[in-house]
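Student: Below are the features listed in Swiss-Prot for this protein:
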type     : residues                                                  : note
BINDING  : ASP26, HIS199, GLU213                                     : Mg(2+) binding site
BINDING  : 26-31, ARG39, HIS43, 71-73, TRP75, ARG77, ARG194, 200-202 : substrate binding site
ACT_SITE : ASP26                                                     : active site
ACT_SITE : ASN74                                                     : active site, proton acceptor
SITE     : LEU137                                                    : site 'Important for determining product length'
BINDING  : GLU213                                                    : isopentenyl diphosphate binding site
Amino acid sequence: MMLSATQPLSEKLPAHGCRHVAIIMDGNGRWAKKQGKIRAFGHKAGAKSVRRAVSFAANNGIEALTLYAFSSENWNRPAQEVSALMELFVWALDSEVKSLHRHNVRLRIIGDTSRFNSRLQERIRKSEALTAGNTGLTLNIAANYGGRWDIVQGVRQLAEKVQQGNLQPDQIDEEMLNQHVCMHELAPVDLVIRTGGEHRISNFLLWQIAYAELYFTDVLWPDFDEQDFEGALNAFANRERRFGGTEPGDETA
(Lines of atoms letter the chains of each structure in order from A and count residues from 1; the text may use other names and numbers.)
(Lines give C-alpha, C1' and ligand atoms only; values in the text may rest on other atoms or scores of the structure.)
Protein backbone atom coordinates (compact mmCIF):
# COMPACT_ATOMS: atom_id res chain seq x y z
CA MET A 1 0.00 0.00 0.00
CA MET A 2 1.31 3.45 -0.93
CA LEU A 3 0.04 5.66 1.89
CA SER A 4 1.29 8.99 3.14
CA ALA A 5 2.97 9.58 6.49
CA THR A 6 0.71 8.63 9.38
CA GLN A 7 -1.03 11.46 11.13
CA PRO A 8 -4.47 12.17 12.63
CA LEU A 9 -6.96 13.59 10.16
CA SER A 10 -7.24 17.37 10.16
CA GLU A 11 -10.39 18.99 11.51
CA LYS A 12 -10.53 20.94 8.24
CA LEU A 13 -12.52 19.15 5.57
CA PRO A 14 -10.80 18.52 2.23
CA ALA A 15 -11.91 20.50 -0.82
CA HIS A 16 -14.38 17.85 -1.91
CA GLY A 17 -16.15 18.05 1.47
CA CYS A 18 -16.67 14.28 1.64
CA ARG A 19 -15.95 12.69 5.02
CA HIS A 20 -17.43 9.20 4.60
CA VAL A 21 -17.54 7.22 1.35
CA ALA A 22 -19.27 3.86 0.92
CA ILE A 23 -18.64 1.66 -2.12
CA ILE A 24 -20.66 -1.21 -3.57
CA MET A 25 -17.87 -3.11 -5.29
CA ASP A 26 -19.68 -4.70 -8.22
CA GLY A 27 -18.41 -6.31 -11.40
CA ASN A 28 -15.75 -8.81 -10.33
CA GLY A 29 -17.53 -11.73 -11.97
CA ARG A 30 -18.16 -9.94 -15.25
CA TRP A 31 -14.57 -8.73 -15.30
CA ALA A 32 -13.33 -12.30 -14.92
CA LYS A 33 -15.69 -13.52 -17.64
CA LYS A 34 -14.24 -10.94 -20.02
CA GLN A 35 -10.80 -12.42 -19.30
CA GLY A 36 -12.10 -15.94 -19.86
CA LYS A 37 -11.46 -16.76 -16.20
CA ILE A 38 -13.56 -18.09 -13.32
CA ARG A 39 -15.26 -15.65 -10.92
CA ALA A 40 -12.68 -16.23 -8.18
CA PHE A 41 -10.08 -14.68 -10.49
CA GLY A 42 -12.18 -11.52 -10.58
CA HIS A 43 -12.45 -11.39 -6.81
CA LYS A 44 -8.66 -11.55 -6.50
CA ALA A 45 -8.32 -8.73 -9.02
CA GLY A 46 -10.90 -6.81 -7.01
CA ALA A 47 -8.69 -7.08 -3.94
CA LYS A 48 -6.09 -4.97 -5.75
CA SER A 49 -8.72 -2.31 -6.34
CA VAL A 50 -9.45 -2.34 -2.61
CA ARG A 51 -5.80 -1.47 -1.95
CA ARG A 52 -5.98 1.41 -4.42
CA ALA A 53 -9.22 2.73 -2.93
CA VAL A 54 -7.92 2.56 0.65
CA SER A 55 -4.71 4.32 -0.32
CA PHE A 56 -6.58 7.02 -2.22
CA ALA A 57 -9.02 7.62 0.63
CA ALA A 58 -6.24 7.82 3.21
CA ASN A 59 -4.28 10.28 1.08
CA ASN A 60 -7.22 12.54 0.27
CA GLY A 61 -8.70 13.49 3.61
CA ILE A 62 -11.53 10.97 3.77
CA GLU A 63 -12.27 9.98 7.37
CA ALA A 64 -14.12 6.72 6.74
CA LEU A 65 -14.33 4.27 3.83
CA THR A 66 -16.94 1.51 3.93
CA LEU A 67 -16.70 -1.35 1.43
CA TYR A 68 -19.49 -3.83 0.70
CA ALA A 69 -17.48 -7.04 0.55
CA PHE A 70 -20.03 -9.79 1.22
CA SER A 71 -23.77 -9.32 1.61
CA SER A 72 -26.05 -11.57 3.63
CA GLU A 73 -27.58 -12.61 0.30
CA ASN A 74 -24.21 -13.75 -1.11
CA TRP A 75 -24.55 -17.07 0.74
CA ASN A 76 -26.94 -18.01 -2.09
CA ARG A 77 -24.07 -18.06 -4.58
CA PRO A 78 -22.48 -21.37 -5.63
CA ALA A 79 -20.71 -23.06 -2.71
CA GLN A 80 -17.36 -23.04 -4.53
CA GLU A 81 -17.52 -19.27 -5.01
CA VAL A 82 -18.54 -18.66 -1.38
CA SER A 83 -15.65 -20.83 -0.21
CA ALA A 84 -13.24 -18.91 -2.44
CA LEU A 85 -14.52 -15.61 -1.05
CA MET A 86 -14.02 -16.79 2.53
CA GLU A 87 -10.46 -17.88 1.78
CA LEU A 88 -9.79 -14.55 0.07
CA PHE A 89 -11.09 -12.77 3.16
CA VAL A 90 -8.69 -14.71 5.41
CA TRP A 91 -5.82 -14.09 3.00
CA ALA A 92 -6.57 -10.36 2.82
CA LEU A 93 -6.65 -10.02 6.60
CA ASP A 94 -3.37 -11.91 6.97
CA SER A 95 -1.58 -10.03 4.20
CA GLU A 96 -2.91 -6.49 4.65
CA VAL A 97 -3.61 -5.82 8.32
CA LYS A 98 0.01 -5.09 9.27
CA SER A 99 0.29 -2.60 6.42
CA LEU A 100 -2.97 -0.96 7.47
CA HIS A 101 -1.65 -0.70 11.02
CA ARG A 102 1.65 0.84 9.90
CA HIS A 103 -0.28 3.48 8.01
CA ASN A 104 -2.55 4.38 10.93
CA VAL A 105 -5.71 2.85 9.41
CA ARG A 106 -8.33 1.49 11.79
CA LEU A 107 -10.02 -1.66 10.48
CA ARG A 108 -13.54 -2.65 11.47
CA ILE A 109 -15.77 -5.45 10.22
CA ILE A 110 -19.50 -4.70 10.23
CA GLY A 111 -22.12 -7.41 9.81
CA ASP A 112 -23.17 -10.68 11.40
CA THR A 113 -19.79 -12.38 11.72
CA SER A 114 -21.22 -15.23 13.81
CA ARG A 115 -21.88 -17.24 10.64
CA PHE A 116 -18.20 -17.29 9.70
CA ASN A 117 -16.00 -20.20 10.75
CA SER A 118 -13.91 -19.89 13.90
CA ARG A 119 -10.68 -19.33 11.96
CA LEU A 120 -12.09 -16.29 10.16
CA GLN A 121 -13.73 -14.94 13.31
CA GLU A 122 -10.38 -15.11 15.11
CA ARG A 123 -8.63 -13.30 12.23
CA ILE A 124 -11.27 -10.57 12.40
CA ARG A 125 -10.92 -10.19 16.18
CA LYS A 126 -7.12 -9.93 16.02
CA SER A 127 -7.15 -7.52 13.07
CA GLU A 128 -9.61 -5.17 14.74
CA ALA A 129 -7.71 -5.31 18.03
CA LEU A 130 -4.37 -4.54 16.34
CA THR A 131 -5.68 -1.40 14.63
CA ALA A 132 -8.18 -0.24 17.27
CA GLY A 133 -6.06 2.66 18.50
CA ASN A 134 -5.25 4.10 15.07
CA THR A 135 -6.41 7.63 14.32
CA GLY A 136 -6.25 7.85 10.52
CA LEU A 137 -8.73 6.47 8.03
CA THR A 138 -11.41 4.14 9.42
CA LEU A 139 -11.86 1.25 6.99
CA ASN A 140 -15.15 -0.59 7.45
CA ILE A 141 -15.55 -3.92 5.67
CA ALA A 142 -19.20 -4.96 5.42
CA ALA A 143 -19.17 -8.76 5.58
CA ASN A 144 -22.30 -10.88 5.91
CA TYR A 145 -23.99 -7.52 6.12
CA GLY A 146 -27.48 -6.43 5.11
CA GLY A 147 -29.14 -3.09 5.68
CA ARG A 148 -32.35 -4.72 6.92
CA TRP A 149 -30.37 -6.94 9.30
CA ASP A 150 -28.64 -3.86 10.67
CA ILE A 151 -31.93 -2.11 11.45
CA VAL A 152 -33.44 -5.27 12.95
CA GLN A 153 -30.46 -5.87 15.25
CA GLY A 154 -30.71 -2.27 16.42
CA VAL A 155 -34.42 -2.62 17.13
CA ARG A 156 -33.77 -5.85 19.05
CA GLN A 157 -31.28 -4.06 21.30
CA LEU A 158 -33.89 -1.43 22.10
CA ALA A 159 -36.56 -4.09 22.64
CA GLU A 160 -34.32 -5.82 25.18
CA LYS A 161 -33.91 -2.55 27.08
CA VAL A 162 -37.69 -2.10 27.13
CA GLN A 163 -38.15 -5.69 28.31
CA GLN A 164 -35.63 -5.13 31.11
CA GLY A 165 -37.45 -2.00 32.22
CA ASN A 166 -34.55 0.30 31.31
CA LEU A 167 -36.38 2.09 28.51
CA GLN A 168 -39.92 3.25 27.80
CA PRO A 169 -41.28 2.69 24.28
CA ASP A 170 -42.21 6.35 23.91
CA GLN A 171 -38.58 7.28 24.54
CA ILE A 172 -37.50 5.61 21.31
CA ASP A 173 -36.82 8.06 18.49
CA GLU A 174 -34.65 8.21 15.38
CA GLU A 175 -31.57 9.35 17.26
CA MET A 176 -31.86 6.51 19.76
CA LEU A 177 -32.16 3.91 17.01
CA ASN A 178 -29.29 5.59 15.20
CA GLN A 179 -27.10 4.87 18.23
CA HIS A 180 -27.76 1.13 17.83
CA VAL A 181 -26.94 0.59 14.16
CA CYS A 182 -23.49 -0.03 12.72
CA MET A 183 -21.06 2.89 12.43
CA HIS A 184 -23.17 5.20 14.59
CA GLU A 185 -20.01 6.77 16.02
CA LEU A 186 -18.70 7.79 12.59
CA ALA A 187 -19.63 10.68 10.31
CA PRO A 188 -22.77 9.95 8.27
CA VAL A 189 -22.21 8.48 4.82
CA ASP A 190 -21.85 11.36 2.35
CA LEU A 191 -21.34 9.46 -0.89
CA VAL A 192 -22.25 5.99 -2.14
CA ILE A 193 -20.36 4.76 -5.19
CA ARG A 194 -21.54 1.70 -7.10
CA THR A 195 -19.35 0.24 -9.81
CA GLY A 196 -20.40 -2.20 -12.51
CA GLY A 197 -23.27 -0.30 -14.12
CA GLU A 198 -26.18 -1.38 -11.92
CA HIS A 199 -28.37 1.35 -10.42
CA ARG A 200 -29.55 -0.10 -7.12
CA ILE A 201 -28.56 -0.17 -3.45
CA SER A 202 -28.75 -3.95 -2.88
CA ASN A 203 -29.67 -3.76 0.82
CA PHE A 204 -26.56 -1.76 1.71
CA LEU A 205 -26.54 0.68 4.66
CA LEU A 206 -30.25 1.45 4.30
CA TRP A 207 -30.34 3.54 7.47
CA GLN A 208 -26.96 5.23 7.10
CA ILE A 209 -27.37 6.50 3.51
CA ALA A 210 -30.68 8.33 3.99
CA TYR A 211 -29.17 11.63 2.80
CA ALA A 212 -26.13 10.35 0.92
CA GLU A 213 -25.41 11.28 -2.67
CA LEU A 214 -25.42 8.32 -5.09
CA TYR A 215 -22.84 7.89 -7.84
CA PHE A 216 -23.08 5.09 -10.39
CA THR A 217 -20.36 4.15 -12.84
CA ASP A 218 -20.13 1.49 -15.55
CA VAL A 219 -16.51 0.78 -14.58
CA LEU A 220 -16.14 -2.77 -13.25
CA TRP A 221 -14.65 -2.93 -9.77
CA PRO A 222 -11.25 -4.48 -10.74
CA ASP A 223 -10.78 -1.56 -13.17
CA PHE A 224 -11.81 1.15 -10.67
CA ASP A 225 -8.71 3.26 -10.07
CA GLU A 226 -7.65 6.54 -8.49
CA GLN A 227 -8.87 8.57 -11.45
CA ASP A 228 -12.33 6.99 -11.16
CA PHE A 229 -12.41 7.67 -7.42
CA GLU A 230 -11.40 11.28 -8.01
CA GLY A 231 -14.15 11.60 -10.61
CA ALA A 232 -16.73 10.46 -8.08
CA LEU A 233 -15.48 12.97 -5.51
CA ASN A 234 -15.55 15.76 -8.10
CA ALA A 235 -19.14 14.87 -8.98
CA PHE A 236 -20.00 14.95 -5.27
CA ALA A 237 -18.35 18.35 -4.82
CA ASN A 238 -20.50 19.78 -7.63
CA ARG A 239 -23.79 18.62 -6.12
CA GLU A 240 -25.94 20.73 -3.84
CA ARG A 241 -26.97 18.71 -0.80
CA ARG A 242 -30.41 19.74 0.48
CA PHE A 243 -31.12 17.09 3.14
CA GLY A 244 -34.81 17.21 2.27
CA GLY A 245 -34.93 21.00 1.97
CA THR A 246 -35.14 23.29 -1.07
CA GLU A 247 -32.59 25.35 -2.92
CA PRO A 248 -31.55 28.50 -1.07
CA GLY A 249 -34.00 31.30 -1.87
CA ASP A 250 -36.37 28.93 -3.71
CA GLU A 251 -39.81 29.10 -2.13
CA THR A 252 -41.62 27.35 -5.00
CA ALA A 253 -39.96 23.90 -4.95
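Including glycine, each Cβ sits where the backbone N, Cα and C put it.
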Student: A 10 Å Cβ contact count, applied to the binding-site residues ARG39, ARG77, HIS199: which residue has the minimum?
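Tutor: Fewest other Cβ atoms within 10 Å, among the binding-site residues ARG39, ARG77, HIS199, is found for HIS199.
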Student: Compute the C-alpha separation of LEU137 (site 'Important for determining product length') from GLY29 (substrate binding site), stating it in Å without decimals.
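Tutor: LEU137 (site 'Important for determining product length') and GLY29 (substrate binding site) have their Cα atoms 28 Å apart.
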Student: Do you know which of the binding-site residues ASP26, GLU213 has the most other C-beta atoms within 10 angstroms of its C-beta?
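Tutor: Answer by Cβ density within 10 Å: ASP26.
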Student: Could you tell me which of these recorded positions, SER72, ASN74, has the greatest number of Cβ atoms within 10 Å of its own Cβ?
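Tutor: Comparing the recorded positions SER72, ASN74, the most crowded Cβ belongs to SER72.
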Student: Minimum Cβ neighbour count within 10 Å among the recorded positions LEU137, ILE201: which residue?
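Tutor: Lowest Cβ count within 10 Å among the recorded positions (LEU137, ILE201) is ILE201.
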Student: Determine, from DSSP, whether GLU213 (Mg(2+) binding site) sits in helix, strand or coil.
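Tutor: For GLU213 (Mg(2+) binding site) - judged by DSSP and reduced to three states - the answer is strand.
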Student: Given the binding-site residues ASP26, HIS199, GLU213, state which is nearest to SER72 (substrate binding site) when distance is taken between Cα atoms.
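Tutor: Minimum Cα distance from SER72 (substrate binding site) across ASP26, HIS199, GLU213 lands on ASP26.
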Student: What is the separation, in Å, between the Cα atoms of ARG39 (substrate binding site) and ASP26 (Mg(2+) binding site)?
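Tutor: So the alpha carbons of ARG39 (substrate binding site) and ASP26 (Mg(2+) binding site) sit roughly 12 Å from each other.
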Student: What number of additional C-beta atoms lies within 10 angstroms of the C-beta atom of GLY29 (substrate binding site)?
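Tutor: There are 21 such Cβ atoms around GLY29 (substrate binding site).
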Student: How many Å lie between the Cα of HIS199 (Mg(2+) binding site) and the Cα of GLY29 (substrate binding site)?
Tutor: 17
Student: Quick one: what's DSSP say for ASP26 (Mg(2+) binding site), helix, strand or coil?
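Tutor: Assignment for ASP26 (Mg(2+) binding site) reads coil.
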